[in-house]
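As structure tokens, the structure follows; a few thoughts come after it.
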Amino acid sequence: MASTTTLLVLLIPLLWINVVCVAGNFNKDFQITWGDGRAKILNNANLLTLSLDKASGSGFQSKNEYLFGKIDMQIKLVPGNSAGTVTAYYLSSKGGAWDEIDFEFLGNLSGDPYILHTNVSSQGKGNREQQFYLWFDPTADFHTYSILWNPQRIVFSVDGTPIREFKNMESNGVPFPKNQPMRIYSSLWNADDWATRGGLVKTDWSKAPFTASYRNFNANNACIWNGGKSSCKSSSKPSASSASWLSQQLDSTGQQRLRWVQKNYMIYNYCSDKKRFPQGLPVECTHS
């Protein structure tokens, strides 16, 4: 693991990111889609909670569809013994050739770390998993999970620290999510057949209900897709407010932070799994 000094050097410049947050209105931005009362919008629509018990989990989705954006959500995960549970937070389109950008948080026994599972699907093809431990307890407080999605790249970030970058490599024959608008979805559900240690550890229902909490949704820097039109101007002539993130890339400091996370906290990378791909690693792994 990196030293405490290294951690502070990398993360201190990011502290302002957690201060500058715009509280979303969950009644305005989202609708609860399932759970029979287990999902709740509280505190003047500034807080949303999902709950899971033995009978059912729960979930919600955004009212808007988006085609590119910088989207933030603060989440506090299920505390204590969360083994067997999965909290999913993702963007997804519909149809057989769907696009998807995934955060999934795999629960664990008390004292053992959550696993943050990420994936990118384009035109129905996924299997691009990268998994991480986190450098903090994600159940003790809210932390900001962000997706930057522009025509050139997708960047996953945690509290402003990039953990993964998926570049547009269409020139090498790799499909990239750029034509299908996506909604935001989140759910809390039981997946004890696979989520914790490959399904060896089951959900302890005596600890139910399990609850995850959400606040400070921010999609101010995102293009809403409605009626076949984008709320953003043409990417060739973007507005001043959208110009920065529509062409944003990681600077040298961002690249350094990304390497730090991947060196110290990545626990699985499909691009390193030669046993899984005996005929050769996926194209994007050899051209990244």
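The backbone N, Cα and C atoms fix where each Cβ goes, and this holds for glycine too.
Per TrEMBL, signal peptide is recorded for 1-23.
According to TrEMBL, the feature domain 'GH16' maps to 5-214.
The active site, nucleophile annotation in TrEMBL covers Glu100.
Cβ neighbour count for Glu104 (active site, proton donor) (all protein chains, 10 Å cutoff from its Cβ): 19. Residues or ranges marked as active site, proton donor by TrEMBL: Glu104.
Marked as N-linked glycosylation site by TrEMBL: Asn108. Within 10 Å of the C-beta atom of Asn108 (N-linked glycosylation site) sit 19 other C-beta atoms, taking all shown protein chains into account.
With a 10 A radius on its CB, Glu100 (active site, nucleophile) counts 18 other CB atoms from all the protein chains. Cα of Asn108 (N-linked glycosylation site) to Cα of Glu100 (active site, nucleophile): a span of 25 Å.
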